[in-house]
Structures are given as C-alpha cells and as structure tokens.
Amino acid sequence: MTGSDIDREIGREIDIEQRYVADLYARVDALRVVAAAGVLAAKRADGDRDAVAVWQAEVARLDAAEQGLCFGRLDMHDGRRIYIGRLGLFRDGDAEPLLVDWRVPVARLFYTATATAPHGVRRRRRITMRGRAVVALNDELLDLNSAGSGGLVGEAALLAAVTAERTGRMSDVVTTLQAEQDRIVRHETSGVLVVQGGPGTGKTAVALHRVAYLLYTRPHLRTRGVLVVGPSRVFLDYIGQVLPGLGENSVVTATIADLWPGNETSRVEPSETAELKGRAVMADRLAAAVRSRVQAPDDPVEVEFEGQVVRLDQRTCGRAVRKARRAGLPHNQARLAFQREIVDVLARRLIEDMEAVVLTDSGEAIDGGSPDGRLSEADLRALAAAGVVLGQDDHDGPRALLDETDRNGLRDSLLADTGVQAALDGVWPPLTPEEVVSDLLGEPTDGWSAADVPLLDEAAALIGFDDRAVFGHVVIDEAQELSEMAWRMLMRRCPTRSMTIVGDLTQTGDPAGATSWDRVLRPHVRDRWHLARLTVNYRTPAEIMAATTDLLAAHHPATPPPQSVRSTGQTPWRTRTIPADLPTVIAHLASTHTDGQLAIIAPTIHIRPLSTALSLPTQPDLTHKVVLLTPDQAKGLEFDSVLIADPTTILSAAPLGHNDLYVAMTRATHLLGIVHPGPPPTELSAIRELRP
Ligand SMILES: Nc1ncnc2c1ncn2[C@@H]1O[C@H](COP(=O)(O)OP(=O)(O)OP(=O)(O)O)[C@@H](O)[C@H]1O
C-alpha cells in the first residue's frame, strides 16, 4: 500500500468509529435527559433527599464520562468486538452492551492481553477523542510477531501521556493503565493491600483507580464510605480530580490533621517533638492519664440530700471503681456504671435508714422518726424526692415502705441531685479528649498540630467519644510518613480493615515514619496483609533516575531504583553559587525558564528569602507556572521541571534528609537542576556541573 492508501484506510476506520461513538453519545444524552427529569421529579416530590442525591450522582456520572467516553476496542478471535469506556451502556432491551465499563472483568483484557498471552484478543485498538470527535486510532495486533514491547501495553499512547506537559492537577490513567498496575487495581483481597513502589511508579494513580474499581464491584462501600488520606491539602487538591473524572464523587479526602473535626489550625512543630508524639508508647501514657483521673477520696465526702446526709467513703468508691472497670468500657461509659454502682449503695443505705425508723418490732420509731411510728419529715422529703407518693393512710403504721419502683425513683433522684453528681464527678469526672491531651502535653497555645491529632483521637477512643466517622475502605497515600499513633487512629477509622496502603520506604521523611511495612502493620493485622510491587517509573526519565544513583546507593543500598519508562536526552545539572547569591541565582533561572511548570524545592530556611526574590507566595500554589515548596510539601506531586536549592541543607535539616532529597529529585518529568551554595554533597558530585 502507498502512503495515501494507508491514510485513506485510516480515514475509513476513523469514520467507522466516529459513527459508533456518535451512537454512544446519543445514548448518554438520552440517559442525561432521564436523569435530569429524575432530579426534578424527586425535588418536586417534596425533597426526597435520597432520591435527589441518587439522580444527581447519575448526572455527575454521565457528565464525568463526557470526555473520553470510549477509549478502546478489543477484537476477539471469535469475532466479537468489545468497546471499552468510562461507563457501561446498553441499547434499550438489548442484553449486549454497546460499551463496557473498564471495571468489568472482560475489560481487563484491554490492560493485560499481550502477544505472548493474548487470551483470545486479536487486536487492541486505542481510540483517541477530542471532545466527541475521534481523532486518532492506534492498533496493536496480538500475534507473536508483534511481541517485544518490553511489557508495556499501548506504548505510544502511554508515552504520549507521560510526556504531556503537567497542568498542576493529576488526571486519570484509565486509558493507559499497565498490566502490573491493573493487577493491583483489581486485587481480590478484601483486607489490607500494601502497594510498595519507587517514585513515579503510579502508586497514587493505582490507589485511586482501585477505589473506583471497588466502588463499582462492591457497591456496599458506597454507603459505608471510602476515605482517602494524603500527606497535605496541596496533595489532595492535586489528586482531587481523578476520582470525579472516573465518575466517583462520594469519596472523603483528608490529611491526618483534618481528621480532628473543627481543627482549623495545623500548628507546625519541630520534627523531634512530632516524632515523640507519634510513638506508640503515647497510647499507654494517655491510657494512664485517663485512669489517673479516677480517684477515690482519701476522706469521706458528705453530701446533703433532701435533708439527709449521704457519705462517699474511700472503700465504697474503690469497690465501685473496680466493679465499673471490670467491663473494660471506655472512661465515660464506665463512669455511668460507676455512678449506678454508687447510687445503688447510697440508695440502699438511705432506705435502710428510713426503714429502720418505721420497722421496729415494738412499733416505735427511732433515729429521727416520730414517736408514734410515723415517718419523720426528713424521710418524707427523701421519699417525695424519690417520687414516692404517700397517701393519708401511709403515714400511719410501720410497714415495708418501698417497692422496686420506689427504689428506682430514689436512685434516679440521687443521680439527678447536683450535690451528689458533683461528689461523683469528684471521683470519676467526665472527660473530653482535649482535656486528656492537655493534661499530658500542656494546653496548646496555637491550636493542635498534625501530630496532636492522633493523640486526641486516641484519647477520644479511651474516653468513648463515638461520634467519629468510620469507613468501609480506607486508602492511605504516602503511608510511609505515618507515625505509630497515626496508624492506630486510621485503624480505628476502618474497623473492617479493608485498606489500600501505598508508599515507598525510600521516601520516608518523617522521623516517626515507617522503615518496614511488617513492623507497621503487625500490631494491627498481624501477617494478614498482601504486598504488591510496582517497578516501572512513569514520571522520572532515566537521566534523572541515574542522577539519584549515588544517593540511593549510599542510603538504601538494597533498593533497586524503578526502571524509567523513557529517557529525554536531557541530563540533570548542578551549579555552585555563594550562599548569599542563592535567591538571585534561583530567581534568574526561574525567569529564564520556558519548559512548562517549574518547581523550586528548597529547605524551610530558604522559603522566605526565595519567596521575596521570586515574588511567590510562601505556601505552594499549584495553579502557578512557578511553584515554591519544601521537600515535605513536594511529596506525591510532580512538575515538568525542578530546581533544587541547597541540597546540603536538605540533607542535614532532618534525620531522614536523604529521603527528602530523593523525593525532591524525583518530582520532575523532564528537567532537573540543582543549585548548591558551596561544594555539592558527595552523593550529588557525579552530576554534570554547569559553570557560570
Ligand atoms: N499507566 C499510566 N499511564 C499514564 N500515566 C501514568 C500511568 N501510571 C502512572 N502514570 C503517571 O505517572 C506519574 C506518577 O504517578 P503517581 O504520582 O501515581 O506515582 P507515585 O508512585 O505515587 O509517585 P511518588 O511516590 O513519587 O509520589 C503521574 O503523572 C501519573 O499520571
């Protein structure tokens, strides 16, 4: 065939697909009309909120599928053609789908079939759309002659996706998901799945696609809820469009600090302090702090109750405390058991006293009763307070006065009495989580820090505050950063232990963070967790990964770097400056930068001077063409180009500074430059030096 024959053939195929896709959009439009009518009808039916929400979710799902509705076609050896897209579509009354949702089992072949294992697939076609127009097709014939794509599926489309200029927002990768990623997305476990992989291997992308997959295949999760935990608000904004883009709007996203409702400020504190607060031993200290708030009085406490005196002595209190603790309930619930116990004793004593007055064999009243055997005024008041109504006759002779209802009434009255309550609270006070943590750490002067939140949560659990949300599935991104206390908190948020945990132990920056998944998870799930690995780096080109070799070898000699999917031909560089010139050198480099979004990653001490020199906010804003941020803030993000300012300080500023530097170096999709005041750190000295 000549070149123009091929063009004509491609044109014909595009026309065929265009007609098919036009049918699909007509179907979506028809469903949209139904959904919009559903919203209106539900609103008119006097705000049936559930129905309104269901129809609104349907509208959102259809809207989300508008871009790239159909992205693939499988031609099977048995003659079937299967179109694959963002949602499933059927023609009315027809059992055969027009479009198969990417999450149904047969669609899996689109991601996994290879020439060596085609599983009945003859041809895989990728359909590229702009708006509603089919603009390109890319076919792979899965016969053995076409083997040798190095394990990548749809290489051309993949390379186009990974080299595209970054927008400051992550997008979904549903059209180019790779086989090793797909295996994780569809992993069968309903327990804990850990996804370990080097930088840029798609851990975040995979975790989010897994959420979309789980919501589709396990619909009960929609009502139980899914929580995605990320390292910062900036990161959560960065990933915020991925799930809505996949038609899923019901997921809650939060940082650790967000998980304490109403905690607006997130005070920054020294990493050593945060590290201490993150240790598991804090759970014991909090438990001890709560326990120590329960104190039987040394000397009896006397309270006047309706003209009588009731006494709380050490022995009675001690016995009631021990009994209340036996059930192992949280503090505030056990407090109620304690109160019931004490009030029982007090009521019994009061009744004995009263009945002693009226029940003498001789019929004589003693100890406060009237001489003719009638009840004393104090008895009458106490009984009245207990809700016991005595008729005229009741005042007469001696008799067993109180039945069970009366006794209960007396107990209730004792409980409701402010004097008695105060005495009981003196022994076993009601507590709030804030009080407990303040007891231990002192009153916070400027709100709670992120490291305080797991402590507040632990205190809440000890006390029995049960208003905190739990979820059917929890995703934890950058999980290597979490402290032991944060893990305890997140486990409480997910009683079923259905979790996807993604992270990279070579990127741990927080001194309280993880060095081994086993060590982290064993206390919570023993060995009931699965590990899946990702090995291909889609973000960082080979040249930049090569620049990290010495750093990785020095600090993680046993960890192989992930294989980069591409190289750019652009070698990273470093340049030396004198310390005082750092801001001007960086500002100059930023002003001459033209290659897409640029991140300047610098240690905290340089952020203010650099923000002045660059006229940038001190807090990162991903909508800017140039973004200034610390390595910690850069976690999980990516940029077209990265400039690192002062790597030596990044290395020395934190105990795991080498991991912070590794994070900083692996954020770029194209270019990496390093500006070092003074000599370079040895781990970077092999990088090509640019001399001014
Ligand atoms: N199958 C894929 N097709 C296209 N792009 C992909 C694919 N997998 C990952 N990517 C892209 O590679 C980049 C890195 O992905 P992601 O942020 O999920 O990696 P990560 O492992 O979480 O990285 P890190 O640990 O360094 O933060 C993203 O831009 C993502 O969209």
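Cβ coordinates are placed from backbone N, Cα and C, and glycine is handled just like the others.
Sequence-distant neighbours of Gly197 (ATP binding site) (same chain, 6+ apart, CB under 8 A from its CB) are Lys203, Val502, Asp504, Arg533, Leu534, Thr535, Pro562. Following the DSSP three-state reduction, the secondary structure of Gly197 (ATP binding site) is strand. Residues or ranges marked as ATP binding site by TrEMBL: Gly197, Gly198, Pro199, Gly200, Thr201, Gly202, Lys203, Thr204.
Residues or ranges marked as domain 'UvrD-like helicase ATP-binding' by TrEMBL: 176-541.
The DSSP secondary structure for Thr204 (ATP binding site) is helix.
Within 10 Å of the C-beta of Gly202 (ATP binding site) there are 27 other C-beta atoms, taking all protein chains into account. Counting Cβ atoms from all protein chains shown, Gly200 (ATP binding site) has 27 others lying within 10 Å of its own Cβ. Around the Cβ of Pro199 (ATP binding site), the number of neighbouring Cβ atoms within 10 Å comes to 24. Counted over every protein chain shown, other Cβ atoms within 10 Å are most numerous around Thr201 among the binding-site residues Thr201, Thr204. Averaged across the domain 'UvrD-like helicase ATP-binding' (176-541), pLDDT for the predicted model comes to 86. For Lys203 (ATP binding site), the Cβ neighbour count at a 10 Å cut-off comes to 26, with all displayed protein chains included. Gly198 (ATP binding site) has a Cβ environment of 29 other Cβ atoms inside 10 Å.
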